[in-house]
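If you check TrEMBL, you get these features:
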type	residues	note
ACT_SITE	A:Asp54	active site, nucleophile
BINDING	A:Tyr112	substrate binding site
DOMAIN	A:7-104	domain 'Pseudouridine synthase I TruA alpha/beta'
DOMAIN	A:145-257	domain 'Pseudouridine synthase I TruA alpha/beta'
Number of protein chains: 2
Amino acid sequence: MRLRLLVSYVGTAYSGWQIQEKPKPPPTIQGALEAALFRLTGQLVRVHGSGRTDSGVHAHGQVAHCDVPDAREGFDWRHSLNAVLPHDIRVLEASPAAADFHARKDALRKTYAYQFWQDRRFLPPQLRPFVWNCGPLDLDLMRKAIPYLLGTHDFAGLRNAGTDVENTERTLLDARLEQLPPCEFYPPHAPMLRLAVTADGFLKQMVRNMAGLLAACGQGKMEPEQIPAQLAALDRRAVPSVTAPPEGLALVRVEYPATDPD
Amino acid sequence: MRLRLLVSYVGTAYSGWQIQEKPKPPPTIQGALEAALFRLTGQLVRVHGSGRTDSGVHAHGQVAHCDVPDAREGFDWRHSLNAVLPHDIRVLEASPAAADFHARKDALRKTYAYQFWQDRRFLPPQLRPFVWNCGPLDLDLMRKAIPYLLGTHDFAGLRNAGTDVENTERTLLDARLEQLPPCEFYPPHAPMLRLAVTADGFLKQMVRNMAGLLAACGQGKMEPEQIPAQLAALDRRAVPSVTAPPEGLALVRVEYPATDPD
């Protein structure tokens, strides 16, 4: 039976989603899920995610699939997995899927969120694992930059090295930047900013490079008008902004084609 | 020079506020602050908190005082302390105080918050260190219980063993229970509840016992009308509800008499 999993995790303690084949494999989300499935089934059940998340990156709604023994029909996979998983990884849903459902190949759209904190002098300790403390940002300048990124582009310039993906064209369907409500417990501070981006797919570290690019605009280090030329260079080295750190990033949602009711 | 510190911490990794004199002392907030001050001054600087917080309890605004070498006048204590403290402890303010300011003896009022999560099947991993996952609660029943606790009472029945405080009378000045906005990233769930209580002082684990008592009312295990008789018994064993776990609790604010401007 094929299972579709909806998974939420705090990525701080993990070396990303994907299992690393090393003599001493570091902790990974996929590894933790496969270890939990081994405890429940006594078998190696391979877990296929919608995509990798980097070391330290979080997810509110990562999607994965795996094939579990049929004999377990009626078994409460969600409850059982949560009972044996570490507490920083939680299964929100575990439902039977079509035999050919594929978490990565079938994904239509993904949405990521990136959080910016604007006070270098104080970062609430509760928020530290979830934000980039990059100092003050000019929201208007950042918002001016967004239209240059929307739509279909070759995003090779916002891809970090280390993948052999051939087609680097992606369509950025939506990008929004909003101020979050203040943390009620702390003295008045500059609001936290959250970027939410939706695309038909993302290249390696593309969201973190986009966040770095927008922050550079918001810090006045770059003009939004420079973005088209930098994208057109198709080279990460042509883009002077930094790759934003992983802790600010979370995979929010993966969307699939609607399935016909049985 | 006497310093007044306003300190925020995530208590998860600490055995509470107070230093424990043991051969292998466990990590504590006070210990971390004194270690940071030792790094900055080369001296043992004793840190006096407004009160202890238990193992695993958090603070948004703990207040403490300490005496630092006069020669450091003009030194940026806040910045310097944050540079050497672990990231789960942050100094919000470090300001010169009157020579006789005493964080514990001068405190007029304290406010604590306690957070209840109502879905046993799913707890967002980000929230786990900060809530008690106690299942569904009836907010109206809990709110009915609050008037029985407000005002001046002998709260010996809500005190856990292990202190030799003689006067167990305290005045509960305010107690509010509110629903927090939903976690935007997750499917519809029962709202999180937050209890905020203000008193002239609290006995050992009094807030956690109060949270347990209110939860028992909200779960229908106890009638709010039973509270006065149980308080009057002046014995923790007479109160059937549990001591709520520490992770839901945070010290929000400590209030002091207004000081005259110099």
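Glycine is no exception: its Cβ is also placed from the backbone N, Cα and C atoms.
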| request: Determine, from DSSP, whether A:Tyr112 (substrate binding site) sits in helix, strand or coil. | output: strand
| Cα of the residue listed as 'active site, nucleophile' to Cα of A:Tyr112 (substrate binding site): how many Å, rounded? | 13
| query | Including all protein chains displayed, how many Cβ atoms other than that of A:Asp54 (active site, nucleophile) lie within 10 Å of its Cβ? | reply | 20
